[in-house]
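> Right, I'll just put the structure down here and ask away after.
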Amino acid sequence: MTSRNTLSLGVLALVGVLLAGQVRQLLADPAVWPPDDFVEYWAAAKLTLNGQNPFDESLLLPLQQHAGRDTSEAIMMWNPPWSLPSVLPLGLLSAREAQLLWLLIHLVVTGFCADRAWLLLGGARERRWIGWAVAFTFLPTVFALSIGQISMFLVLGAVLFLECERRAVRNRSWEYCAGAATVLVAIKPHLAYLLWAGIAVDAIVRGRWRVLVGGAVTGLVCALIPLAFNPDVWHQYADAMGNRPPAQWLSPTLGSVLRMAFGERLFRLQFVSVGIGVIWFVWYRWNKRNTWDWTEQLPLLLLVSFTTAPYGAWPFDMVLLLPAVFAMVIGKRAERGIGSPTILAGLLVVNLGCLVINLLQLGSFWFLWVSPAVLLLYTMHTFHTSESEIGHAPRTAAVTA
């Protein structure tokens, strides 16, 4: 063993000891890293496993307070019940143990997504470290990890979808798995509504019905699992949504702006942006009818879906923009280099803007401009790379494992 390897092992051992000490401190003192949004998943899992209503604020609040969250109002897990299987294991652990496990899982998920997305979208293998750096320094990623949000699971679903689509080029059975992967994206289905439209049209136009079957079967299984613990969970979810619908949430979306301008009671204005997104999708899908490639189109579909989402679209949900950000950082596929300096500078400004808003504690609504700004940069990126893309084969078949 060389001295360099010995030194590396020594450093890793030292880091391990320090991390172990930090973990002990975290386990002993919830005040060191008080739980935030994470407790909504842990408490919902705990109640579901006990056969109780995971959407009952009177049951959630005591659990969340006991977990260490200083609050007088329960935070709800508004995700559909088919999302519960992804958090149910947390209910088997104490709050602090579950919180640390949740963070570890999301760190691994973020690293995996960064690595695979970088390669799938055409990034050079020797520069894959850039993907890691981009993913972990993107402010929405920091927001999601720090408060324990589930948003990175949506990115995982998108990346797995692309991975399965790539493999389906040689073996169409992978289309079932591609559909199954989208169930993770469906944890917050309204943020990626154009993905569902794209999959449906693809099934009709190109006969890719296996994706639909894979998604439907997996979604049904995930929807049924919570019923084994609480047969009334779907009714309870519907009741919670009816008593406190998204109409009461002031999220950073175009619909919220319209309601503020013309009346908050006009909830239908929340969906004006969806109409715009659907019109754009019809036009875009028609233009790409002969050249549709999911690796090329998915980043933009997610970006437009997010920008025109009816509600939600919180700062921590902006991790769904990562595939588009990666595509811009990678730049021209033919050159396998780095993106345009202008685009990269724009992305840096967007990230710094997020940091300033967070430091000034201006509130989530002030992030309204972020996704439109990223969409503008992506449009510039597409215009910049369109000529160089002519004559090159789709990336889907070219990426190596």
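Keep in mind that glycine also has a Cβ here, set from the backbone N, Cα and C atoms.
Curation does not apply to TrEMBL; its annotations are automatic.
The feature transmembrane segment is assigned by TrEMBL to 100-123, 129-162, 174-199, 211-229, 266-286, 311-330, 342-360, 366-383.
Where in this structure would I find these features, and how exposed are they?
Sequence-distant neighbours of the transmembrane segment (174-199) (same chain, 6+ residues past either end, Cβ-Cβ under 8 Å): 79-80, 82-83, 86, 150-151, 153-154, 156-158, 160-161, 163-165, 167-168, 208, 210-219, 222, 274, 277-278, 281, 285, 297-298, 301-302, 304-306, 309-313, 317, 320.
Counting residues 6+ beyond its ends, the transmembrane segment (266-286) has Cβ neighbours under 8 Å at 193-194, 197-198, 201, 245-247, 253-256, 258-259, 292, 300-301, 304-305, 307-311 in the same chain.
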> Is it the case that the transmembrane segment (342-360) and the transmembrane segment (129-162) have 3 or more CB pairs under 8 Å, with pairs at least 6 apart in sequence?
yes
> Tally Cβ pairs under 8 Å between the transmembrane segment (311-330) and each listed stretch (100-123, 129-162, 366-383), then give the stretch with the top tally.
129-162
